[in-house]
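One structure is given below, encoded as structure tokens.
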Number of protein chains: 2
Amino acid sequence: MTKQDKISEAVVRRLPVYLRYLNELSASDILTVSSQELGARLNLNPAQIRKDLAYFGDFGRKGVGYNVSYLIEKIRQILKLDRPLYVALVGTGNLGRALSNYNTYLKDNMKIVSIFDADPSKVGMVINNLVVQPVEELAQTVKEKNIAIGIITVPAAAAQKVADRFVEAGVRGILNFAPTVLRTPEDVRIHQTDFTADLLSLAYYMNFDSEDTTKGTLEDESLVD
Amino acid sequence: MTKQDKISEAVVRRLPVYLRYLNELSASDILTVSSQELGARLNLNPAQIRKDLAYFGDFGRKGVGYNVSYLIEKIRQILKLDRPLYVALVGTGNLGRALSNYNTYLKDNMKIVSIFDADPSKVGMVINNLVVQPVEELAQTVKEKNIAIGIITVPAAAAQKVADRFVEAGVRGILNFAPTVLRTPEDVRIHQTDFTADLLSLAYYMNFDSEDTTKGTLEDESLVD
């Protein structure tokens, strides 16, 4: 396998987005796609797309575009989705339930195979065909099922303890949904999905200047420099 | 209000993370914090933090650190969280339910005030003190309640239609959770929260090279270049 350590996080983050759309095209029996078409659909600059894909070799043919199925195969290889990748989830509240239903979206060999909860009253429940296990079984199940990735959907206060469990059990990647920053060893990759930060940072882009400030509830303008 | 158009998205995205931790410090009656302490807690480079905060003026005092309550006030002003900001959510599945419970995390004047669903059987249900309204009422409610931000937690196939409704109703920002790229006019800011891309991109960082490849299910190494 070639090392691809130089590919930036931003590029790696866009590849699944390309992949999803390419899978849609493939399902519609569309055989080729241009960077212009990809860009228009994905709100991205076609030149950016060509640059992203050029990291991985010369896929496109000028005037013809990319071969959809070849590009799907290549991106799956690059993302290492060409082999099974098993995922465990801890925390079966509303968010955990929503995610455990995402197996349908994931395809590509990545699959949530086990779900856990610390609450004894949740243990034994069946959610999307998975039986909720007690969190004490996590380490053993991770080893038995060769689970590489952990998803954390527990409250913020409980999240670090779950991360520690995952690390001890030997997972190599964690996707954390709890609104808190977790500490993990350097060789365990952690991605943070932070709704509240996503939402709060939107506020910055709201252009209140153009608004009629006499309207409604915006009365504390005096606080602003 | 000063224009801060030059602040990068990455900085704007980190500010809510700073804010959340500063609020925690404030709740524990901690009055000052150094960039080193912030960095250690948030897995960020202290120099990066100083640089981020320097965009907005000279807050810190050498050897003393940042005044926590002053920094909270400043970040809230910068993010425009110093005034009420109302949010509507469409889609009351598991994910929508999980999010409608996030009002407790949001604080800072941002509040989910209305929730909608296209499914008549959901209309009238009460979720976290909010009554589910029919999606047909969206435009009127957005205007009446001065709602600025929309959250989309519907299936991918229905998401563009909901985005169009939000845009027509006059929201200025959208947070989309549906795994699809949405089209909106340039003056409507859209943030995409994409679980599946977060999860699939993790696969790239899994280091299979160091693994015993005779073990388990990794049999298609031959596919890799």
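Backbone N, Cα and C atoms are what each Cβ position is placed from, and that goes for glycine too.
Looking up the ranges B:17-56, B:137-176 in TrEMBL, the one annotated as DNA-binding region turns out to be B:17-56. Long-range contacts of the DNA-binding region (B:17-56) within its own chain (CB-CB distance under 8 A, at least 6 residues past either end) are made by residues 4, 7, 11, 64-69, 71-72, 74-76, 78-79, 81, 107-108.
Counting neighbouring Cβ atoms within 10 Å of each of the binding-site residues (B:G91, B:G93, B:G96), the lowest count belongs to B:G93. The most crowded of the binding-site residues listed here (B:T92, B:N94) is B:T92, judged by how many other CB atoms sit within 10 Å of its own CB. Counting residues of the domain 'CoA-binding' (B:81-181) by DSSP class, helix then strand then coil, yields 35 helix, 31 strand, 35 coil. Applying an under-8 Å Cβ distance to chain A, the binding-site residues B:G91, B:T92, B:G93, B:N94, B:L95 reduce to B:G93, B:N94, B:L95.
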